[in-house]
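Enquirer: Positions annotated as repeat 'Solcar 1' by Swiss-Prot, on the basis of sequence analysis: 10-94. The repeat 'Solcar 2' annotation in Swiss-Prot covers 127-211 and is backed by sequence analysis. The repeat 'Solcar 3' annotation in Swiss-Prot covers 234-318, and the record cites sequence analysis as its basis. What Swiss-Prot lists as transmembrane segment is 16-41, 69-95, 133-158, 186-209, 238-264, 293-311.
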Amino acid sequence: MSDGTSKSGSKSSFHFVAGLGSGVLSAALLQPIDLLKTRVQQSPHQNILRTVSEIRHTSPAGLRGLWRGTVPSALRTGFGSALYFSTLNAIRQAAVPLFAHDAAVTTSPNGGNFANNKNNSSRLVKLSNTGNLLAGGVARGFAGFVLMPLTVIKVRYESSLYSYRSIAGAAGDILRTEGPRGFFAGFGATALRDAPYAGLYVLLYEQFKRRLGGVVSSSAAPETNEDNRMGVSRAAAVNFSSGVLAAVACSVVSNPFDAVKTRIQLRPGRYRNMVVAARTMMAEEGARSFFSGLGLRMSRKALSSALAWTLYEELIMRAEVGWSLSSSRTERAM
């Protein structure tokens, strides 16, 4: 294998590792919010306070029961983030000739381009709005399909409708009662929720970064690093704020699909598919049921997305600096 190919492979692998680390951390920290969302969505009569009270009084672990399902959630979110970020990076690199952003860019050691100015808080590839929308949607759809079995197990394990004692027990019961198809229950609703969400998220995230970066740079004292980019602390603040704003906007748009998906995964016998689930929910509970758990989901999405993207961007930024220094030393030695 050539040295160039080896370096390219290691850099692609680093996007996977960076995504894995950021995903596991955010999942572990925010599992209580995810569990509460699942419990609230499983019944029209549930609310946050009642759910917390039930967990506190009925769970053998007390309030530690809020972390029930952390392992499948961390596995799903961790490997989902790893697969998503590495796939997204590959798609964005390949899409540069078709959807390159029209701003002045500099070639990065990772093979793409990034804006090289004091308003920029990122070293990720810069694409047009259309490019970001398509890249985010395709990457999320692919990652969602691969990780769907873990998603189903996670939702069932978190729900109070099932008394699974272990992840293996949950997987065995699903396989025994529903067959392999049971591991993909709700994939249609999940894909319709996640692919547009991810595409719109990447688009808005990049837009917010560009606009907030300009505001921060123009309203504060200069803080740039050696390559004239925004300083680390301000870059992290811009990235985190952009992640929160993008997640809030996307959560509102995609929540109906999330509510439908949860019903299908929890009660596949009653809610056989998206159409049946949507009709039943509308007839029995009204339009409000499609926004059940919105506050919890919005909170979790805002925090998890912002944490994951900020940590991912920071890891990639540090890696890019290391690769640049390594390349410079190699060139001087030749």
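Count begins at 1; order follows the chain as displayed.
Placement of Cβ uses the backbone N, Cα and C atoms for every residue, glycine included.
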Enquirer: On the 0 to 100 pLDDT scale, where does the repeat 'Solcar 1' (10-94) sit on average?
Expert: 83
Enquirer: Under the DSSP assignment, what numbers of helix, strand and coil residues are found in the repeat 'Solcar 3' (234-318)?
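Expert: Residue counts for the repeat 'Solcar 3' (234-318) by secondary structure: 75 helix, 0 strand, 10 coil.
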